[in-house]
Structure formats: structure tokens, C-alpha cells
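Engineer: If you scroll down you'll find the structure; I have some questions about it.
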Amino acid sequence: MSAGLSSIPGFEHLSRIPLYVPGKPIQEVQRELGLTSIVKLASNENPWGPTEAVKARVASVIAGSEFEGLGLYPVSDGYYLRKRIADRKGLTVDRVVLGNGSSEILEMVAKAAFLDGGSAVIPKHSFAIYGIATQTAGGRVIESRATATELDADDILRSVAEDTRLVYLGNPNNPTGIRLERAPLERLVRQLREDIVLVVDQAYAEYEDPAGYPDAAAYLDERPNLLVLHTFSKIHALAAMRIGYGLGSKELMGFLERVRSPFNTNHLAQAAAEVAVQDLAFEAFSRQKNTEARAAFVLEAAKHRCQLSGTSGNFILMETAFPAADLFKELLQRGVIVRPMQGYGLPNHIRVTFGKPEEMQAFWTAAAPLLDGGC
Ligand SMILES: Cc1ncc(COP(=O)(O)O)c(C=O)c1O
């Protein structure tokens, strides 16, 4: 039976694409290890939210009204949320697209771009979905040079092939926590061929100091081939809702609209995000807490002589002198979930999300004896 299915060429192709491995859910660790006290620092969620105002708005949708309620389809294109995003970004509403998480938009653009094959340039050590979205849509991955501490815009440009349709760039990048600064970003934006879509994934942008952050949205009016992505899963603390957005030219949005499935974002998510996108105070608060958590982590890591990469995002990449998979397993036994990075070509690194102070305390209590001889 299964041999039959894998004789379908598309299925055979899919069977060779690595599966995305998510952070382990708390319930799973509870079930498997019988632990009761578990700290999850594995999926770059924001532990400080969502806010009471967001929760109240979700509750009001559940309670239902003439226009809302769980029995009705949501607004298919999320117009009202798109309008709020557009207003905040100083764009017209036809330059905003919503996705079931920004992951879905990464897939939508790949689906549109690789209809006739082609390739995507993706820097080494990038978010796994870029490669998975490319390959499942029938595209080929060209890996450009990057290290745990450096992104290389010029190598992205050099890596472009004749059949390249997309370039993906995480800025800041997950899992390395590094970013391209304004000058190299500008070179990439301006020198990339105009028949290639440049996807700048800014999932962690709101954690950056707005004063120095090179927001790719600044180039939206000059580059119709630019797609800038954001998510509500990170600083807005709505990962469970699955909602993200993309900003781009009207022309590009028109193509994405053709691959977007109707009602791709649900009513609860749209309503929650409408409140969240306007709450600049919560964003600033979360950014501040994140900055504090990073500073404390850097101090503690220094005591164990642990090497850290990157200063961006709500997470940190830590190098260990032994296979990170072992450290991951040991921490799991002690009720602390982090993310081993061997799947990202970083076998001696773990990625740790910044949680609340007590969660970080739990991490160090578990990790310190394991790192006794130094990282
Ligand atoms: C760089 C990056 N982009 C996108 C996403 C996906 O976020 P979403 O929850 O919006 O699908 C993540 C999630 O971890 C991420 O790290």
C-alpha cells in the first residue's frame, strides 16, 4: 500500500524533505517523564502575555454577537485587522496579507514562486521553514554562506542562480540571533534582481531597539519584489492563535491572494491581533523584560565560560563543549525544555528562549551542575 503511494512522484519527493521538529510541548514532557514542574524555553514565546485586553476581546468573540461568534465564518481576508496593521505601518490595506502564522505566508510565497520549479537562496543556519517551504513547493535550496555570528549579504547576492525566484532572510535570524545592519541590507534590497522576491522575515523585529533597527519596510515603496513578514506569535504573545502578516507591493499581494486559502485566519485570532497590534505599551514592556533577561543570562553564562552568539531576539544560542543533544536530554530529565540545534547544522549549540526570571532561575539550577567543568 505505502509503496503504491510513494510511486506518486510528488509524494516520493516529499518523503525526502526533512520534517519540521517543533519545541517539545509541556504536556508531552509531563506525559513521557511524569514530571510536574516543567519550564519551556524552547519556542521563543513571550511569557508576559497576552494582555487582559486581548483576552477580553477573545472572550467577547466567544460570547458571540450579530457579526461574531464561533458558528460564523471569519472575515475571509481579515480586512479589519489588515486595516489596523496598515494604519500602524503607514500603508494602504491592499499592501497587507494575513497568514495562519507567518509560517503560512512563507509557504504561500513559495507555493506561488515555485509553480514551475526554480530555486531559493537561504543563508546557512536559517529558520527551518524556509527550506521546507521551498522544497515542498517544488523549489531547490541554494545555501549561502553564514556562520553562527555573521550573516553575509554579498554571498546571498553571489549565490543567486538564473532560476532563483526567492531569497529568504531572517532579520534578526533564528536561531543565531544575529542581524544584517542597514548598509548590507540596503545592498541586498537594491542589488537583488527585480524578478526575485526578497522575503525579509522580521518575526523578532519588535525585540530590537527601534532606534537602531534596520526595518526592511523602509524599502517597500521602492522595491515591488520585497515581502516583509511579522508575526503575532512572538512579542505579541499570541503563538497559540496562529496569526502573522506580510507587507509588500499591491502587485505582490495580488499574487499571494491567489494562493491564500479562504478563511485562512480565524475569527478569534483576528480579534486578538486587532487589540494586540495597537498595544505599544505591552510591546515596550516585553522588550524591556527581554533586555533584562538577556543581560542576566550573559552574566550567568560567563560564570560557566559559555560561548554565546548574537544579541537579537528573545532567545540566545549557546555553544557547549559536548553534543548539545546530550545537554538537551539531561535538561529535559530535570524539567527544562530547550532546543538542541543539530538540525540547524549546529551540533554543539542549544537555543534558550528568555522566560520570566523564575524560569531562567530554573534553567540555571538545572544546567549549572551539568556545565560544571565549563561549557
Ligand atoms: C524566524 C521565524 N520566522 C517565523 C516564525 C513563525 O512564526 P509563526 O508562529 O508566525 O508561524 C518563527 C517561529 O519560531 C521564526 O522563528
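Sequential numbering from 1, following the chain as shown.
Even glycines carry a Cβ here, placed using N, Cα and C.
What TrEMBL shows for this protein is this:
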DOMAIN    37-362  domain 'Aminotransferase class I/classII large'
MOD_RES   Lys234  N6-(pyridoxal phosphate)lysine
Engineer: I'd like to know the mean pLDDT over the domain 'Aminotransferase class I/classII large' (37-362).
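Structural biologist: Averaged over the domain 'Aminotransferase class I/classII large' (37-362), the predicted model reaches a pLDDT of 96.
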Engineer: Looking only at Cβ atoms, how many others are within 10 Å of the one on the residue listed as 'N6-(pyridoxal phosphate)lysine'?
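Structural biologist: The residue listed as 'N6-(pyridoxal phosphate)lysine': 28 neighbouring Cβ atoms within 10 Å.
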